[in-house]
Amino acid sequence: MSPTKTQNSAEENIRAELGLSAEVVTIRRNAPAALLYEDALKERDTAISNAGALIAYSGDKTGRSPRDKRIVEEETSKDNVWWGPVNKPCSERTWEINRERAADYLRTRDHIYIVDAYAGWDPRYRIKVRVVCARAYHALFMTNMLIRPSKEELENFGEPDFTVWNAGQFPANTHTSGMTSKTTVEINFKQMEMVILGTEYAGEMKKGIFTVMFYLMPVNHNVLTLHSSANQGIQDNDVTLFFGLSGTGKTTLSADPHRLLIGDDEHCWSDHGVFNIEGGCYAKCLGLSAEKEPEIFNAIKFGSVLENIIYDPNTREVDYEDSTITENTRCAYPIEYIPSAKIPCLADHHPKNIVLLTCDASGVLPPVSKLTPDQVMYHFISGYTSKMAGTEQGVTEPEATFSSCFGQPFLSLHPMKYATMLAEKMAEHNANAWLINTGWTGSSYVAGGKRCPLKYTRAILDAIHDGSLAKEEYEVLPIFNLQIPKAVGDKVPASLLNPSKNWAEGEAKYTSNVKSLANLFVENFKTYQDKATEQVLAAGPQL
């Protein structure tokens, strides 16, 4: 079968860009999974699992490198970008050096892969993304994670809106101005390009596109980008957004047999409703089992990519309990591998419920509380949870951690911009907001408290979705001033709902623990208080 005109055009453009000879270099554009498997298996250590997934390894870097992320400081975007520890500036000269370094590396390869696909399921807002890389595993990963074009769309794809140059096998030059290591992940909003050097971790590509959408959607379209999962009721079409950091239950709780999954990680809220940014899921694998998370377990099959896992070399069976390489074992698969996925992944209904998830190891936050609009802004900007032992090197006891908008590493603009947009959209569409603690109750993790059982959290969500929880009688939790329901139907013990009344060491000890956590909130919020209203500041804990 002869290549299409667009196929030739895309390849010719890349050849011209890099100065490649047709005789020396093979370019594969939107190659099928079977072909990418064949190429990937030529790399050392790559294998196929007994379930049919491609097993690949990302080298030394098994997670993102946030300290090495940079935004090019240039005139079109510099007044919008939230500069600081999250978005460190680099000069246009440094960008040019690193982009050319990436191109130089790609010129040395005998195979180059192009993935042309979309970010954003709503055709009104989607962007055309081109990924250029040298590893078949990276090509399959992004084929899964982006929205795959139809044959007709691919033939008429044209020029991309944004291009990722992934030369991650090749290090950055540490003598280049502004380099702090051999890794750099750089985004240029003027050129609409991204360069990766010194890391083969595939998640950098996915989260790079996310950062781009965090910029383009609010700035160009007044569309709110969110680090959230989303689902929709099968009968009532009601949409729920779930915000939460790693380990809070965002993926688990959005997978509901009575609801359709719109997406598990990245979404946008427009004037028309909610749409997923991605065409796939990037699920954590540590501790995965068919019993606990059957939909994810069964999605690991031919076409999926297993990253940095340990397997039995004789049977090719994966050991999901083994974290020898990293705690951050992952699998990337197309979203249609999830039976409950809503395809296309968008809803023309606005969210009825907003759920902020936290895993509070101090045990002082209630299992559920109803939030006022100002409290939503405060807790959304705070983005609190507890970092559990084992999630990062050196963490041996739970630590309080804050990540603004529940996605600080990916934000392009000041957090207050996203929080204000969220509050405006919630007010316009009369959405309810809830803070759900999936962490400890009765006492802290350290003092022997118990984690809130998943069945009770699911019962709370059922009461939110059927509207009964909004009608319950409420009482106020002091200091944090949270509204706590006195009952959640007959599925959740009433004694579980108010931590001040069920604290194992008594109310005085509870109050002491509340004040300790409240102080952490107040200290963290000092970063944002210059742009916060008095009402939002008053919505936080009052000591």
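Just so you know, glycine gets a Cβ as well, placed from its N, Cα and C.
Keep in mind the model is a prediction, meaning the values are calculated, not measured.
Annotation comment: Swiss-Prot describes Gly244, Leu245, Ser246, Gly247, Thr248, Gly249, Lys250, Thr251 as ATP binding site.
DSSP assigns Leu245 (ATP binding site) to coil in the three-state reduction, outside any helix or strand.
A simple Cβ count within 10 Å picks out one of the binding-site residues Gly244, Gly247, Gly249 as the most packed, and that one is Gly244. Take the mean position of the Cβ atoms of Gly244, Leu245, Ser246, Gly247, Thr248, Gly249, Lys250, Thr251, the recorded ATP site; other residues of that chain with a Cβ within 8 Å of it are Leu357, Cys359, Thr385, Thr438. The binding-site residues listed here are Ser246, Thr248; among them, Thr248 has the most other Cβ atoms within 10 Å of its own Cβ. Counting only residues at least six positions away in the same chain, the Cβ atoms of Ser228, Ser229, Phe242, Phe243, Gly244, Asp264, Asp265, Leu357 sit under 8 Å from the Cβ of Lys250 (ATP binding site).
Listed in sequence order, the residues of the same chain lying 6 or more apart from Thr251 (ATP binding site) and placing their CB within less than 8 Å of its CB are Ser229, Asp264, Asp265, Cys281, Ala283, Lys284, Ile296. In three-state terms derived from DSSP, Lys250 (ATP binding site) belongs to a helical segment.
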